[in-house]
Every structure is written in structure tokens, then in C-alpha cells.
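Over in TrEMBL, the protein carries these features:
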SIGNAL    1-25  signal peptide
DOMAIN    58-289  domain 'Glycosyl hydrolase family 36 N-terminal'
BINDING   Trp202, Asp370, Asp371, Arg447, Lys480, Trp481, Asp482, Tyr483, Asn484, Cys532, Asp554  substrate binding site
ACT_SITE  Asp554  active site, proton donor
DOMAIN    656-737  domain 'Glycosyl hydrolase family 36 C-terminal'
Amino acid sequence: MKIQSIALKVLILLGSAITTSGAVAQISSSIRFDAQTKIFRIDAAGITYAFGVNAQNQLQSIYWGPQIGRDDLLRGPAANAGVAAFDPSFTTTPLEYAGWGAGLFVEPALKISFPDGNRDLVLQYASHSIEGNKLTVTLRDTSRDLFVDVHYHVDEATGIIARSSSVINRTHEPLVIEQIAAASWNLSPGTDYFLRYLTGRWAGEDTLQHQKILPGETILESRRGSTGHQNNPWFAIERGEQTDEDFGEVWFGALAWSGSWRITVEQDQVRNIRINGGFNPFDFAYSLKPGEKLESPVFYGGYSKDGIGGASRLLHHFELSRVLPQAPNPRPRPVIYNSWEATKFAVNETGQEALAEKAARIGVERFVMDDGWFGQRKDDHAGLGDWYVNPQKFPNGFKPMIDKVHSLGMDFGLWVEPEMVNPDSDLYRKHPDWVLNFPGRARSESRNQLVLNLARRDVRDYVYKFLDQLLSENDIAFLKWDYNRNWSEPGWPAVGASSDEQKKVYVAYIENLYGILGELRAKHPRVEIESCSGGGGRVDLGILTLTDEVWPSDNTDPFDRLRIQDGFTYAYTPGVMVAWVTDSPNWVNNRTTSLNYRFLSSMQGSLGVGANLDTWGPADFETAKTLIAAYKQIRETVQHGSLYRLISPQGGSEYSATESVSIDKQQAVLFAFLHSSQMGYPFPQIRLRGLNPTTQYRVTPISGALAKETPAIASGSYWMRHGLEVNLKGDMQASAFKFEDNSAVHSSN
Ligand code: DGJ
């Protein structure tokens, strides 16, 4: 009987999907083409995406939103009329993938220069193929053998569509691609759309912006050679003023590319809303010889009717189940210790071993040694590029230290910054031509370093070889892969003087970066990797297909982190968001906070400790030990559950609160933070979300107290409707509570 019911549960789960509210719904996914109406229709997880071939043979967008009746689309799309002579039909018709030509004045998806000087490109439907949940539509220019495959791959559980494009030159001459999008997304005309996006800078990442979409174009981009701290390749568009965290329609997208990128959001002359995204066309060119092909990155897009909170939960589940290297079942992130803020570059065998002993005492599972261990690295002026173990700091190599870390029950991780070189290094003295540069021009240094041109085969091989060797010769479970500057003078002289060839660096560099990561993972499948770029400068869904976690910011002030972490979760799951507890006062703001506050701030993501444990007293160790043990009981829920941002810390809010609910709804965790009590007002009553209304949940404090009247056990509907009062007063206060299905608590006792 028991086995039968387990089997039934497995079957139900296999045929089910995560809905935007985190609930489980039946899967229904299909891709259909109606030959009569010439309409393509993708239905999945309660969402319909439709487009078709119009009378001009163009691929025209029709609909994207909640699922519509099976037989509702009875007529194929008709191209829009133009607006007088100035905005012809070609520019006012919402096209799935428009070439620049024939009077297109909105953002093109593709712009090409042919060798005869022709730059007119008009793409028409040629053929298509459907395989399961994948659709490819092939477009061809009206007169030349220039083909574009427009790809759609729908995820059955979330309705998120992965779109990308490949351009194939089947002409007999070379051509140059000047602009190429992964996809164009169209929303029906309107003036009531609002855009959310993320902005920032070093130590100030992921600030959420919210603005009305007005006529014209908003550009989100990086021209820096990598993802960048300044904008993140993610957007969300809400319709109407009433939408909020839990209600309203939201269309969202994320571009999977770790190089220079661009997303444009446009309201055109007939109030169509178009979103284009792909390689940044700034300083871009990619020449294709006959027979060659260029593939764009993937641009994911999704829809939620459950507000921006529903949109992020969909993305989180999608990332965990489809994107991450360990998807669909990523291992929970271990609790790490990182040496950076404690020792800076002054790492050595005895110092690291002493820290490791203390880290083990509080329950850390992975000990990570940061910068300073290699070459002649004493500070940031020298050593990058020389990846041998510094013999003064580690006279016996790494083995005794790693053995010690293992004997303490932890695994060992190591910091590397493979793509960079200090001019003061043996590598640079030997290979000055290996960096990005324009001959005869200055090589601008940032943090005293230059960028190795990973697009070069010899550089790629060097980087792969030293990393492979490091991982083969040492028992290393984890790499923190850092990247601490942006590009300048992005020349690639070795490919010749043609700037069109040299500009391929924007694509080839990132392809090689992905190639190295992929090969390393294949050869060392147990090794996990963190993407770090001076904090959160390289966080995107491209790097996240090859790395297990990211470092969101060098800013470890626990109060600033609340806002950075909140912004981060609009686009990325807390399951990849590493958050360290560091020393107080914090180096960023000189702000003093309790160890308890620091822990609770970091426990909302993947918990780590980066404090100098050599300066801790017995009480600190006790607090850390208790909270790390508590974290281990809730981490599955925090990292892989459904996140509800109950009270936002954005906009200088006095309070904030988050709640995570496990997928089976048996556990929930609430974190509440008070910046400073004002006028004696109480902390607002908190109403939970996402619980099972009829389940009885028992509440237990992880840290802090509830109001006296709070019941120990109450139904999900009580916690969600009546809510609870957390007893927070004072400055920089925090509390956390665990809610557990009372029947599960009983049966496990
Ligand atoms: C920047 C990173 O974000 C820090 O955590 C640290 O690893 C330093 N680099 C080391 O140079």
C-alpha cells in the first residue's frame, strides 16, 4: 500500500509543473503549426505564445500571455497598416525577427553588410521543424541565400521559452553581421506598461528600478566585455498600475550571455512594445565566410499572472531545474568559510590552518582560501598569471593544509583569477602579446592588471592547462573564479589588421571562457565553481549554466546586503546567492551590527562566513555554531523553495521581511529586519504567503521572539490571513522563525 502511494506520488510529480505561486499543476505542453492559418502556437504551463506567417511571408507576433482556448486563433496574422508615409507597415508590424531593411525604423534583430555594399535585409518564412518541445523556423532573405534559424525551446514546467537565433551564410561571398539579437519579444500595444530592471556599481549591485514605458527606447547594456555591475541582463514588464508583488501580469526575460550585451525596451509609433536582446552592437562586427554560421546567446522569456513575485519564483524554479549545471537537482550549497576579509593577501599554511580549525568548530563545511597563494603575490601589484604555489607561504605545497582541512571534516576550495595578468609577472614578461591591446597604444591598467585575450587559442590552452593541473594535483572541491576589471583597448592584433576580424573577440572570448569551464567540469565532475567578478560583475544565465553559485557583491555590510539581495532575487534564485557573515564594524559603511543580525541577513541565501575568526570570543563561536546548525535545517527551503518578498527593503524602508516555503509546503522560514524604530510604532503585522491553508504549522524561533499572544500552532490560513507580530524594537534588529507542518514534526519524533 505504502509503495503504491509513493509510486503514485512520483507519477504525479513527473506529470506536474510548478505554477507561479509555487503550487504544482498538471503539465500540458505542445507546439503546433496550423498549415491553414499558418500559425505557430506554443502552449505550456498555462501560457500561450503564438505567432504566424502573414501575407507578406513575414513572421509576425500574435500573442503572449495566459493560455487561450485551443481553437481561438482562427485567422492568420495580418500585417499592420503603416502610419502615413513616415512609418510604413514594415516598421509598425510586430515581427518575430526583423532584418534591417525595407524601411524598418525600430530596433532590428539582425543587421548585415554584404560585400557589394548592399545592407538591405528582408527576412521571410522559408520552412520550419518541430521536435517535441523545440521549434525552429527558418527565414531567408528575399533575394540572397542568407538564412536565419529562429529557435524556440519551451520548458513544460514553467512555460519559459528559450529563444535564440543562428545566421548562416549560404551565399558565395563573405558578409559582416553588425547587429544580431537572440530574440525580439513583442507585447500588444499599450501605454500602461512599467519596466523593472537592475542597476548598480561595484559594491552597490542590484538596485531595482521601476519606470513607466514611454515612447522611445530604454537601453540596458554592458559594453565592458563582461556582464557588468551596472546593468544586469534581466528585465520585467508589468501591465497596469495595480500590479505588485503578488498580483498582475508580468512578462520577464533574462539573457544568457557573459560578454558585452544589450537589451532594448521600446515603445514604437503605434505603441507596440518590443524587447530585443543579444550581443551588444556597440563596436560589434562578426564576419561570416560562405558556409559559416554565428549563433546568438539564449534569451529566456516568461510570463506570470501572479505579480513580480510570481515571475521571480518561476525564474528561480527554472534556474534550479533547467539552467544550473547540477539541474534538475542541485546539491544544497555547503556552508563555506572564506579567508579574504580576514587575511587579505597574507595567506600562509599556519594562518589558514588556524582559521580552518575555528571554522570547523562552528559547523563550516567548505574552507576556501582566497587571493594571495600564488606566484609573487603580496598585494594586487604582482603575480596574476603565475599560477604556482608560493613557496615562502606554502613551503610544503598545499597537501598538508588540504589534508588538515579534510581531517576537520571540510572540503577545500581555492580562489583563482584565470583571465588576468599583472604586468609584474613572469607570464606577462614572457607573453606581452597575450593581452587585449591595440599595437602602439597604451595598455590601461585597472587594479594593476590587464585582461588576457582568451579568444586566442594559446591563451585558452594555457588557462585550461594550469587549472586542470591544479585540480589534478590537489584535492580541490571548489574554485572561486574571480574577474576583477573590465576591458579597455579590446584589440586582437594576431588576427590581422581587419577590424571586422578583431571584433570577433567579443564572441570568441566568451565562447572560450564557456569552453574552458565546460571542459573542466567534464574532467573534474565533482568540482564546484563560483562566479565572482569583484562581487556581482558576472551574474547571468550564461555563466550560471557552468557555475554553481555567484558572489553577489563585495559589499558585506549586512544592512546594505538586504537591498542587494532583494534586487538579486528578482532575477536569480537565493540558491546561488552566496552571503558571508563578516566583521563589524563593516569596512564599507563602518556600520556596527550584532553577529545575530549579520547571520540572519546572510542566512537568506547560501550562508558563508568571512570574518576573522582569530579575533572572535567564546560567545561569538557559540552564536555562530547555533545559527549555522539552525541554517542547515532550513537551507533546503531557503535555497530551493519558493521565495516571497513580504516587505521590501528598497527605497529606504525601515523594515523588511522575506519568507521561503519548501516545495512540499511542509516548512517555511520567515526573516524580519528592523533598521530603526521610529516614534515607537510596532513592526507591521506580517502575513505569510504560500502555505497550505489547512495544514497546522508549528512556529519555532530561530532567533528572536514573537508577541506573547502568538499561538504555537495554527493553520496555514491563520498565518496567512491573521498573520503574526514579531517583537522587534531598537536599531538594526533581526529575527527569524521556522514554521513546520505539525503532523510531520510529530511523526518524525
Ligand atoms: C574580489 C572578490 O570579489 C573578493 O571577494 C576577493 O576574492 C578579491 N577579489 C580578491 O582579490
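Every residue gets a Cβ built from N, Cα and C, even glycine.
TrEMBL: automatically predicted annotations, no manual curation.
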Summed over the domain 'Glycosyl hydrolase family 36 C-terminal' (656-737), the DSSP helix, strand and coil counts are 7 helix, 38 strand, 37 coil
Within the chain of Asn484 (substrate binding site), which residues six or more apart in sequence place their C-beta under 8 angstroms from its C-beta? Glu417, Met420, Ser446, Arg447, Gln449, Ser533, Gly534
Which binding-site residues out of Trp202, Asp371, Asp482, Asp554 lie by ligand 1, going by a Cβ under 6 Å? Asp371, Asp482, Asp554
Under 8 Å Cβ-Cβ from Asp371 (substrate binding site), six or more apart in the same chain: what's there? Trp340, Lys344, Phe345, Val347, Arg377, Trp415, Glu417, Asp482
CB neighbours within 10 A of Trp202 (substrate binding site), counting all protein chains shown, number 16
If you draw a 10 Å sphere around the Cβ of Asp554 (substrate binding site), how many other Cβ atoms fall inside it, taking every protein chain shown into account? 21
Under 8 Å Cβ to Cβ from Lys480 (substrate binding site), same chain, six or more residues apart: give me those in sequence order, or none if nothing qualifies. Asn338, Val368, Asp370, Gly413, Leu414, Trp415, Val416, Ile529, Glu530, Cys532, Trp551
What is the number of other Cβ atoms found within 10 Å of the Cβ of Asp482 (substrate binding site)? 24
With the substrate site defined by the record as Trp202, Asp370, Asp371, Arg447, Lys480, Trp481, Asp482, Tyr483, Asn484, Cys532, Asp554, how many Å span the farthest pair of C-alpha atoms? 19
